[in-house]
Amino acid sequence: MSVVLLSSTSATITKSQSKKIPFLSPTTKFPLKVSISPSRSKLFHNPLRVAAPPSVPTSDSTEEKRIEEEYGGDKEEEGSEFKWRDHWYPVSLVEDLDPNVPTPFQLLGRDLVLWFDRNDQKWAAFDDLCPHRLAPLSEGRLDENGHLQCSYHGWSFGGCGSCTRIPQAATSGPEARAVKSPRACAIKFPTMVSQGLLFVWPDENGWDRANSIEPPRLPDDFDKPEFSTVTIQRDLFYGYDTLMENVSDPSHIDFAHHKVTGRRDRAKPLPFKVESSGPWGFQGANDDSPRITAKFVAPCYSMNKIELDAKLPIVGNQKWVIWICSFNIPMAPGKTRSIVCSARNFFQFSVPGPAWWQVVPRWYEHWTSNLVYDGDMIVLQGQEKVFLAKSMESPDYDVNKQYTKLTFTPTQADRFVLAFRNWLRRHGKSQPEWFGSTPSNQPLPSTVLTKRQMLDRFDQHTQVCSSCKGAYNSFQILKKFLVGATVFWAATAGVPSDVQIRLVLAGLSLISAASAYALHEQEKNFVFRDYVHSEIE
């Protein structure tokens, strides 16, 4: 989903061909010569290595053996067992959180509330229930003292989780002392802000462990001024494994995202090789051009780097670098948050200054990004339905173990997909370690939601994006103004006796009406756009 493929090896690009390559500026002069460097610099280092994947199909029996040898040869060191709750998880882009209100979030099936403690100037994460009568704290507010207040009975809590006020308690005696009781405290989780991301450690007893481990970081290029960055988050109604398989698969780009970030006529063999793997994840690259390096850092971090050497008129030779980094956070069974951070060092459209000063606003970038999500949505829904149906056949049925029997993956383009499925089976216990029970008879979202609901941008993205939410509200206000202007100009057009003035007023009414309609159509980019692959020629 989140990888952009640029498949020219050494070519002269004409103006008519430029649409085949994403990020090209409309003002670029043509012809444009682009060549790919054959060098293979080591982006990631790990001593574990595996054999290169074969390029010919094998039988089912030999395929299972080959997969086990290829991806299962890593040796676990003592204490290296993977534990789902022993990691930092990014839960949101900080710029998309409102510090004035509590925000609900699910992580590994556990309900949390995220809120900003203005006394300590830190973000906090609590269990989303009040210790009094178990009401959700996310329905509360920040009181006059900057504490999180429950909306049910008004109990308030400080950033450390301790209760600071019980309105119903007497001023003396046992009731007055209740506010100091450990039972009156909210359950708090470790949090950390790093590179614009809010991370949560999903173990309230894991403070020492959390303090000893740094959260996963974006590459250093994201902090360099020569790189232009775009960030987006969206909540998706399919499972963690479905999304991780998708982001591990560069070969779908040219078809699922035709004329968005890829083109069908650019599809070609992708000779990927897994170079190392283990409980930590896996990494690999291709031997072709452009050079694509990929790394999965368990449990949810996927990095892709694309490198090209470009020969441009006037400016000369340039090294083009594209980073696509995604965090795929398991919220609950059948629901995953995708946070994508991308960067490139060419054709930048961002300038120093505040968000309103940008040439291309963030919300407009998200219109394209959401097209990428939409291009995958219904395809992945259908795939997940098949896997879920298979898993219902038997309580012991493991899709990851049977993956090479359920699917046919004869090419090297699927190497990273197989590597992820093998990692999930060998180290991840085939699924995230959810909090609480997960009833097997409860239908998952992808099995019951309609296409309209699956593609609903408003609830999945606009409501959790500060830029798009603000732009949508502005569109609403402007549209109402234009509708009012239409009525006003139309009403006043009949007043003057001068025909020319009447025509001018009628024209203004038509312009206002057309503008209101155009704005209404653009609003759909924040709410819902149908996506039909067969209609994209």
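Just so it is clear, glycine is given a Cβ too, placed from its N, Cα and C backbone atoms.
Cβ contacts within 10 Å of His132 ([2Fe-2S] cluster binding site), excluding its own Cβ and spanning all protein chains shown: 17. His132 ([2Fe-2S] cluster binding site) carries neither a helix nor a strand DSSP state and counts as coil. Taken from Swiss-Prot, the feature [2Fe-2S] cluster binding site applies to Cys130, His132, Cys150, His153.
Under the heading compositional bias 'Basic and acidic residues', Swiss-Prot lists 62-77.
Annotation source Swiss-Prot lists domain 'Rieske' at 88-200, citing sequence analysis. The average pLDDT computed over the domain 'Rieske' (88-200) stands at 97.
The region 'Disordered' feature in Swiss-Prot is assigned to 51-77.
Annotation comment: Swiss-Prot describes 1-49 as transit peptide.
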Counting by DSSP, what is the helix, strand and coil composition of the domain 'Rieske' (88-200)? 16 helix, 43 strand, 54 coil
Taking the Cβ of His153 ([2Fe-2S] cluster binding site) as the centre, how many other Cβ atoms fall within a 10 Å radius? 13
Number of Cβ atoms other than its own within 10 Å, given for Cys130 ([2Fe-2S] cluster binding site): 26
